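Enquirer: Mind having a look at this structure? Questions to follow.
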Amino acid sequence: MFYAPVLFNTLGFKNDASLYSAVITGAVNVVSTVVSIYSVDRLGRKMLLLEAGAQMFLSQLVIAVIIGMKVKDHSEDLSKGFAVLVVVLVCIFVSAFAWSWGPLSWLIPSEIFPLETRSAGQSIAVCVNLLCTFVIAQAFLSMLCFFKFGIFLFFSGCVLIMSTFVLLLLPETKNVPIEEMTERVWKQHWLWNRFIDEDDCVKEEKVVTGN
């Protein structure tokens, strides 16, 4: 999304076409974010992340195949039909990101930490999020020149790892009050309950009840 005009121009789009394509993906991003607002509390965080993970993985995989087969060092090899298909696939990727990983990477850290560690946990989550965004923004163009179509395989692999983490390790927090997060989420999880200190749970319960 940062370098959409550059990416489309690299694939053989004219300057105006690459700019229009970037505007289209930006519009898809905005509309899909609105979808997230209305669906996150109905479908749940985990469901949105997993569905979007599959959608993002497949779209990047198909883009990599198309570019690997049709685009050489000179991008005139990409026909108009395939160019339109790439734009559609990028929009599919952007829509999935915008109604899941984009907003939920801010929402979930704000609600999933216990009361006594919420400030520190949220601070670390925001710092890591912005740091990774900075790294990707700095590295993408160099990676595109070096990996070419392989960059989409690289990021599809990242999406696969992310989705596997969500499937196995991320608890669902839909309709769970913040003050009950430890008792109803962390203590019920098959892995994270091993790291819950009962004494800390008692202290948190006293803080919540005012006793």
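Cβ coordinates are placed from backbone N, Cα and C, and glycine is handled just like the others.
From TrEMBL, here are the annotated features:
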- 1-174: domain 'Major facilitator superfamily (MFS) profile' (DOMAIN)
- 20-40: transmembrane segment (TRANSMEM)
- 47-69: transmembrane segment (TRANSMEM)
- 81-102: transmembrane segment (TRANSMEM)
- 123-143: transmembrane segment (TRANSMEM)
- 149-170: transmembrane segment (TRANSMEM)
Enquirer: With CB pairs under 8 Å as the measure, which of the listed stretches 47-69, 81-102, 123-143, 149-170 comes out on top against the transmembrane segment (20-40)?
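Expert: Ranked by Cβ pairs under 8 Å, first place goes to 81-102.
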Enquirer: Given a Cβ distance threshold of under 8 angstroms, which distant residues of the chain, six or more beyond its ends, lie next to the transmembrane segment (123-143)?
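Expert: Sequence-remote neighbours of the transmembrane segment (123-143) are 2-3, 6, 105-106, 109, 151, 154.
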Enquirer: Below 8 angstroms Cβ to Cβ, which residues of this chain, lying six or more residues outside the transmembrane segment (81-102), approach it?
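Expert: Distant contacts of the transmembrane segment (81-102): 1, 4, 7-8, 11-13, 21, 24-25, 28-33, 35-36, 39, 48-49, 51-53, 55-56, 59-60, 62-63, 66-67, 70, 162.
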